[in-house]
10 protein chains.
Amino acid sequence: MKKADVKELILEAKKAKGLGWEEIASKIGMSPVWTTSVCFGMNSAPKDKADMLVALFDLPPEASAVIQECPMKIWDQAVPTDPAIYRLYEIVGVYGETIKEIIHEKFGDGIMSAIDYEMYIERKEDPKGDRVVITLDGKFLKYRAW
Amino acid sequence: MKKADVKELILEAKKAKGLGWEEIASKIGMSPVWTTSVCFGMNSAPKDKADMLVALFDLPPEASAVIQECPMKIWDQAVPTDPAIYRLYEIVGVYGETIKEIIHEKFGDGIMSAIDYEMYIERKEDPKGDRVVITLDGKFLKYRAW
Amino acid sequence: MKKADVKELILEAKKAKGLGWEEIASKIGMSPVWTTSVCFGMNSAPKDKADMLVALFDLPPEASAVIQECPMKIWDQAVPTDPAIYRLYEIVGVYGETIKEIIHEKFGDGIMSAIDYEMYIERKEDPKGDRVVITLDGKFLKYRAW
Amino acid sequence: MKKADVKELILEAKKAKGLGWEEIASKIGMSPVWTTSVCFGMNSAPKDKADMLVALFDLPPEASAVIQECPMKIWDQAVPTDPAIYRLYEIVGVYGETIKEIIHEKFGDGIMSAIDYEMYIERKEDPKGDRVVITLDGKFLKYRAW
Amino acid sequence: MKKADVKELILEAKKAKGLGWEEIASKIGMSPVWTTSVCFGMNSAPKDKADMLVALFDLPPEASAVIQECPMKIWDQAVPTDPAIYRLYEIVGVYGETIKEIIHEKFGDGIMSAIDYEMYIERKEDPKGDRVVITLDGKFLKYRAW
Amino acid sequence: MKKADVKELILEAKKAKGLGWEEIASKIGMSPVWTTSVCFGMNSAPKDKADMLVALFDLPPEASAVIQECPMKIWDQAVPTDPAIYRLYEIVGVYGETIKEIIHEKFGDGIMSAIDYEMYIERKEDPKGDRVVITLDGKFLKYRAW
Amino acid sequence: MKKADVKELILEAKKAKGLGWEEIASKIGMSPVWTTSVCFGMNSAPKDKADMLVALFDLPPEASAVIQECPMKIWDQAVPTDPAIYRLYEIVGVYGETIKEIIHEKFGDGIMSAIDYEMYIERKEDPKGDRVVITLDGKFLKYRAW
Amino acid sequence: MKKADVKELILEAKKAKGLGWEEIASKIGMSPVWTTSVCFGMNSAPKDKADMLVALFDLPPEASAVIQECPMKIWDQAVPTDPAIYRLYEIVGVYGETIKEIIHEKFGDGIMSAIDYEMYIERKEDPKGDRVVITLDGKFLKYRAW
Amino acid sequence: MKKADVKELILEAKKAKGLGWEEIASKIGMSPVWTTSVCFGMNSAPKDKADMLVALFDLPPEASAVIQECPMKIWDQAVPTDPAIYRLYEIVGVYGETIKEIIHEKFGDGIMSAIDYEMYIERKEDPKGDRVVITLDGKFLKYRAW
Amino acid sequence: MKKADVKELILEAKKAKGLGWEEIASKIGMSPVWTTSVCFGMNSAPKDKADMLVALFDLPPEASAVIQECPMKIWDQAVPTDPAIYRLYEIVGVYGETIKEIIHEKFGDGIMSAIDYEMYIERKEDPKGDRVVITLDGKFLKYRAW
């Protein structure tokens with residue numbers, strides 16, 4: 001059993017049970033983004049959360065160990081084609097140098113960690129059309145001099 | 001005179017005057033990310049803001065028209081190498097499918113616009129190490145059926 | 001069952017029933033391009049249209065939910081090789097900068113949306129050889145300044 | 001003198017004279033898309049039109065021969081990054097197979113020519129936001145059997 | 001049944017019957033290059049020729065419709081590796097600009113069509129070693145000005 | 001002085017003298033394709049032909065040695081974008097496997113040489129539109145077994 | 001049965017019979033490099049040699065025809081990763097221009113054929129560590145002028 | 001002064017003095033391949049050989065230090081296009097796995113070094129056409145187990 | 001049975017027996033990095049070590065020969081995406097030229113071997129957060145002049 | 001003045017003064033790897049170290065600010081060609097998955113930081129040939145669950 005198999009099982013169970021990601025996340029006491037990424041096999045969960053997912057989705061017991069495994073994070077498309085994902089890539093291309101500049105102004109030479117990292121996605125109501133608000137929250141890591 | 005020339009002039013003037021991007025942005029009444037991206041040539045400014053930048057940095061008068069031009073937004077590296085920018089690319093790779101899934105759950109079939117779009121970067125104090133918080137805020141665009 | 005499976009089933013049923021895309025589209029009250037793209041798995045349909053397709057092609061009932069799913073839009077060839085598709089790619093290469101220029105002249109800084117978007121394909125009779133006429137119709141999206 | 005030089009000269013003269021592409025096109029009796037693509041060096045003009053452009057923009061006389069030359073049509077980015085152009089590329093990716101299918105249904109095995117080809121760009125007013133309408137009009141070419 | 005399946009069946013039947021491509025072509029009254037390309041799935045045949053191929057190779061009856069289908073022309077290797085095919089690619093690289101120049105000199109601005117196109121391959125005897133002679137014969141397409 | 005410089009000089013002289021490639025070729029007693037490829041720097045000429053080109057175009061005397069040099073044959077675009085050249089690339093993609101098959105049927109295992117090679121380009125009149133006829137003529141090279 | 005299947009069968013039989021490539025080559029009266037390349041499916045063998053391989057490895061009789069087929073020579077990695085093969089690629093990168101220069105000095109404008117070609121691999125004893133000696137032996141092919 | 005500058009100076013002096021690479025190599029007591037690769041900037045020379053090259057070609061004295069520098073060995077084309085170099089690349093593609101297999105049979109697990117490495121190029125007379133013979137001679141390096 | 005199959009079997013047995021790589025390595029008297037790379041199929045083991053692995057993991061007897069085979073070392077991602085591996089790639093990008101410079105200063109012109117090579121990974125305790133320490137230890141190979 | 005200019009100036013001054021990187025590093029009280037990477041423009045230095053470098057190399061005073069700037073870390077070659085650097089890339093390819101596995105065994109799910117990172121290069125004497133020893137020392141970063 002691999003992470004891809006567990007993902008398939010979870011997606012089927014989720015549809016059968018009529019659960020949404022927000023609901024699943026709140027049932028295991030974690031955030032929706034992290035929970036979804038664990039179910040999609042792009043993050044590992046600690047044992048207690050893995051067990052809760054197994055129980056919630058009636059997965060076979062060996063799925064818990066698979067959910068706890070450190071994933072090999074691979075994506076095939078260097079430039080993603082799906083429009084919803086491409087727009088994020090485009091934002092990195094258009095605003096990447098700007099973000100780098102402002103991080104350096106606010107923090108000095110270093111980067112925002114993608115490991116010690118959290119992410120939130122919200123719907124903001126707007127009379128001209130509701131808006132997607134995505135929050136990236138990563139620890140600042142300073143370059144070491146030695 | 002091209003946008004790359006104006007960028008060079010602005011960066012020199014900024015260093016000479018000892019100005020920071022936050023300060024520059026507040027002087028023209030706009031946000032720091034947008035202001036920086038305009039100065040870097042990745043966005044166009046309306047005439048009044050362009051004129052304010054020309055005055056602030058003592059640029060030659062023809063620079064205003066250049067700042068107002070619609071830019072050709074080109075980036076050379078399909079996969080960026082600078083670590084500060086690469087981490088953003090990595091986030092798109094690791095969390096792209098997750099973000100797509102949650103947008104669809106919250107909004108239905110569509111995307112977050114990268115055009116009708118705002119972005120903010122903040123420093124969040126944290127005793128374990130301060131954190132970079134980046135907020136992406138784009139209008140939801142629904143796929144049209146016809 | 002995935003979108004690729006539904007596409008296979010639809011293509012078989014279409015051949016067996018001797019239906020054309022124009023006819024299929026008019027039966028569900030939508031345009032031929034949108035209808036074909038839904039059947040090919042590159043767009044999602046609302047429930048009523050999905051149910052009509054299931055009925056029209058005698059698909060298994062679970063196909064309706066699949067047709068309603070938000071698709072992961074992936075194409076493998078960054079540069080398409082099929083001559084009918086390559087010519088479209090070539091038009092983007094040869095006329096891309098021209099189109100950008102004229103959009104900016106007519107609308108200001110922004111883009112034509114590929115999401116809030118419609119497309120039509122017609123045959124135009126011409127004594128020197130009939131012509132293909134493709135109409136792209138997308139909402140203008142203006143860059144936001146903030 | 002090369003086509004890139006003529007393009008530079010034309011863009012400067014156009015700005016100095018305050019001319020728009022529609023106006024330029026109507027002065028030489030051609031369409032705006034074709035006229036812009038000639039000025040950008042992606043099409044050749046017949047002698048009379050080239051001479052009219054030279055006169056209109058006060059170009060040096062040798063520019064006429066350059067405008068008449070058959071251009072080497074090169075684009076550097078296999079996947080364009082500018083959002084206004086990328087959206088067109090995305091449309092080819094998302095709808096390419098659909099367009100191919102419908103051309104074959106309406107015409108048989110063959111393609112829409114990108115050589116015996118015309119293109120128009122219009123602004124369509126719409127209370128929910130004006131729309132960009134691009135019309136591609138190319139001769140159908142049938143595959144020859146021999 | 002797909003074009004790849006038909007190709008497999010034809011190659012097996014061809015070997016079993018001891019037929020050569022020239023012979024097959026003459027039996028259906030077409031040229032060897034076109035006939036081979038149809039059997040390899042890179043061209044569609046009209047109904048009468050498809051039926052003749054089905055009869056000649058004792059294919060299952062549904063193969064005729066497959067042979068008549070408009071193929072999706074895909075090749076995986078942007079730069080082919082097989083030496084016999086690479087040499088053709090090399091000729092395009094070495095002589096491409098030369099061919100373009102001479103076409104323009106003889107015909108004006110336009111291209112040789114790869115759709116309204118025929119091709120022949122002959123063996124020319126030569127005491128220093130026989131020679132392969134390949135003839136490309138395509139309609140000249142003139143760029144349209146509009 | 002490099003081959004690129006000689007090419008520039010030749011193209012200027014050719015335009016000034018109003019010569020065509022057919023005429024140039026016949027003046028030096030060679031074929032138009034070979035002559036053009038030498039002038040474009042993609043082939044080397046023997047001393048007598050190089051001297052004739054120098055005389056014909058009034059080139060500086062050191063150009064003769066440059067024309068005799070073995071060129072470094074480099075092309076930048078693995079997939080050419082110019083439509084006139086791309087169609088040749090497309091022919092290799094669509095018909096490459098077919099050509100390989102027929103060469104093997106007529107000659108056995110081996111290839112058509114691109115070195116011991118000649119090429120001709122002719123205009124063939126046709127009431128439905130004149131045709132470009134390109135002839136590739138290369139020595140068959142048999143794989144050696146040892 | 002395809003060349004890949006024959007390769008599998010040969011490798012199994014070779015292991016079972018405890019044969020080395022030198023021994024196999026001498027049994028069929030050919031060189032080890034050619035023999036190995038035929039068994040790996042990268043060269044075709046004449047009928048007598050193919051039959052000898054079938055007998056030597058107790059292959060099914062239809063394998064002989066497969067071994068005689070002209071192979072489609074495909075390699076997936078434009079830049080090979082295996083260190084033993086990469087070093088050869090590196091030698092082409094580092095010494096390619098040097099080899100070209102020396103071939104031109106010794107022979108004039110032309111190339112070393114990779115078709116009319118032999119290759120040998122020997123072990124040379126050396127007190128500082130034995131050495132691999134690979135000999136490339138290809139016919140010189142002169143560029144034709146026409 | 002960089003290695004590219006020294007290469008230019010050497011090539012000019014070589015042409016002016018009418019020297020060949022064999023002659024140059026014998027004057028400095030080294031092999032032609034190594035000597036050429038040093039002059040082309042793809043190898044470093046010890047001080048005595050560098051000084052001999054400076055004297056032989058009347059280079060400015062600072063060239064000696066440049067010739068002694070460890071070069072940054074860069075080649076731009078992952079797949080070389082020049083036919084003389086491409087054939088070497090093709091040999092790596094066609095015979096790479098074969099060479100790896102035979103090295104492992106003769107030596108065990110390891111590679112031929114491209115660093116502790118020599119190379120020779122000879123002309124072998126042959127009534128059917130002279131042949132290029134290239135000898136690669138590299139130390140066998142065994143994988144270490146630890 | 002191939003190396004990929006053996007890897008699967010070992011990973012299952014390792015999980016079932018609750019063994020860690022350090023423990024496995026010490027049982028066969030080798031280092032953890034080498035042992036892991038052998039089990040992952042990226043190195044070959046001598047017979048005695050292969051037999052010990054077969055015994056330790058209760059593998060089928062033919063696995064020993066597979067473990068002794070010289071592997072074809074292939075990695076699919078020219079730029080790895082997994083963050084743990086990408087950081088190593090990034091280090092090569094950021095510090096590659098620096099490492100080259102210092103090797104040349106300490107040793108002269110040559111390289112660190114990746115074949116006669118050892119590697120160690122340790123955990124170093126640190127009150128600010130423990131550290132990963134990776135040691136690369138390869139024989140210096142000097143470029144040969146000949 | 002840019003980092004590339006400062007690098008040029010430093011390399012010239014270093015050669016003129018006959019300084020080695022170890023010596024330079026000890027004069028500014030830092031390690032050789034970090035010092036070299038700063039001089040090569042791939043790291044920023046704090047003000048005191050930048051001033052010491054300016055003094056040591058007699059650089060113009062504005063160089064200090066440039067040395068303190070946060071660099072844009074760009075490398076052009078996704079796969080490096082220089083053999084000394086390629087071997088490091090090869091080690092990432094061959095041992096990347098092994099290193100990931102052992103880090104996860106020793107630390108859990110996370111990575112070695114390339115930012116909070118140090119590196120050392122030493123020469124280890126060995127009677128069979130001296131060895132290069134490179135030590136990578138990076139903080140372990142644990143994936144955050146939220």
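Cβ atoms are placed via backbone N, Cα and C, with glycine included.
So that you can see what the record holds, here are the features copied from TrEMBL:
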- D:74-146: domain 'Cyanate lyase C-terminal' (DOMAIN)
- D:ARG87: active site (ACT_SITE)
- D:GLU90: active site (ACT_SITE)
- D:SER113: active site (ACT_SITE)
Here the Cα-Cα span from D:SER113 (active site) to D:GLU90 (active site), rounded to a whole number of angstrom, reaches 20
Applying a CB distance under 8 A toward chain E to the active-site residues D:ARG87, D:GLU90, D:SER113 yields D:SER113
Restricted to the domain 'Cyanate lyase C-terminal' (D:74-146), the mean pLDDT of the model is 98
Across the domain 'Cyanate lyase C-terminal' (D:74-146), DSSP yields 25 helix, 27 strand, 21 coil
Applying a CB distance under 8 A toward chain A to the active-site residues D:ARG87, D:GLU90, D:SER113 yields D:GLU90
Around the Cβ of D:SER113 (active site), other Cβ atoms within 10 Å, all chains included, total 22
